[in-house]
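Taken from TrEMBL as is:
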type	residues	note
TRANSMEM	71-93	transmembrane segment
TRANSMEM	123-144	transmembrane segment
TRANSMEM	181-204	transmembrane segment
TRANSMEM	210-229	transmembrane segment
TRANSMEM	241-265	transmembrane segment
TRANSMEM	277-296	transmembrane segment
Amino acid sequence: MIVIPSVATERASAKFVFTHFNAENGEGINSKPYIFLLGLLMSQYTLTGFDASAHMTEETKDADRNGPKGIISAVGISIVVGWGYILGITFAVTDILYLLSEDNDAGGYAIAQVFYQAFKKRYGHGTGGIICLVIVAVAIFFCGMSSVTSNSRMAYAFSRDGAMPLSSLWHKVNKQEVPIYAVWLSVFISFCMALTSLGSIVAFEAMVSIATIGLYIAYAFPIFLRVTLARKHFVSGPFNLGRYGVVVGWVAVLWVLTISVLFSLPVSYPITIKTLNYTPVAVGCLLILVVSYWLISGRRWFKGPITNI
């Protein structure tokens with residue numbers, strides 16, 4: 001946030017940072033409102049993951065209060081730090097086309113090129129930029145670790161309730177009370193999914209395209225049930241929004257519906273096999289699979305969550 005714009009010998013103007021749209025992007029999209037709406041995807045993706053606090057509540061003291069506080073803190077910190085991070089980078093951007101060109105030093109990886117170029121122009125070499133990239137790489141590692149942690153706790157919870165194949169194995173915990181088999185299951189599946197990128201980047205992108213709206217749809221389902229079917233008999237915890245809870249809930253549900261439509265729109269024209277936005281296909285297939293499994297089998301034996309108390 002501080003080093004990159006400070007080191008950069010050329011800085012963009014505030015007008016460029018806050019008002020410029022890259023309409024000449026080579027993607028066939030020139031509409032500024034459309035570019036703005038597509039740009040929301042990155043911010044929405046960045047804010048996901050705040051549910052990690054919810055998945056860790058069984059390992060949290062005073063979870064009924066600290067769980068919600070963790071969720072709100074995660075969103076607030078992401079907004080503030082993310083905003084500063086984006087500003088720091090965009091003030092160091094002066095030539096967008098060169099940043100995206102595969103002929104630059106970073107091979108078209110824009111963020112790496114911003115870091116490398118800032119130090120290279122100032123000191124004649126880009127070592128400082130590479131060090132900054134290491135910091136980003138460490139952050140990405142922590143992001144992956146957080147994902148595995150959250151996913152393994154979800155696998156543990158589902159298997160404890162008997163809702164997964166081989167449930168008796170995945171919900172076992174070790175001496176440190178960690179669901180170790182669920183952790184390794186999450187790592188193994190993540191590793192296998194990443195391997196597809198070696199064979200086909202299109203297949204990999206199609207698989208991960210569900211990530212953002214898939215998570216938000218999952219968030220929205222319990223909120224929707226809370227403000228509809230369970231509105232009158234829902235028992236609030238000690239940390240709640242009071243009378244504003246229903247209003248905020250409806251805003252959240254409507255927002256998720258909005259971004260689900262937005263993020264299913266094409267991101268490049270003309271539309272080909274490589275440029276097709278596979279998000280609606282991935283979401284549709286997953287919904288069909290889950291609903292079919294519930295109707296055919298799940299509803300006959302699943303009785304709901306099993307309490308530990």
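Glycine is treated like the rest: Cβ placed from N, Cα and C.
If one looks beyond the transmembrane segment (123-144) by at least 6 residues along the same chain, the residues whose Cβ comes under 8 Å of a Cβ in the stretch are 3-4, 7, 49, 105, 111-112, 114-117, 190. Contact count against the transmembrane segment (210-229) (Cβ pairs under 8 Å) is highest for 241-265, out of 71-93, 181-204, 241-265.
For the transmembrane segment (71-93), same-chain residues at least 6 beyond its ends with a Cβ under 8 Å from one of its own Cβ atoms are 1-5, 8, 10-12, 17, 43, 46-47, 49-54, 99, 111, 114, 117-118.
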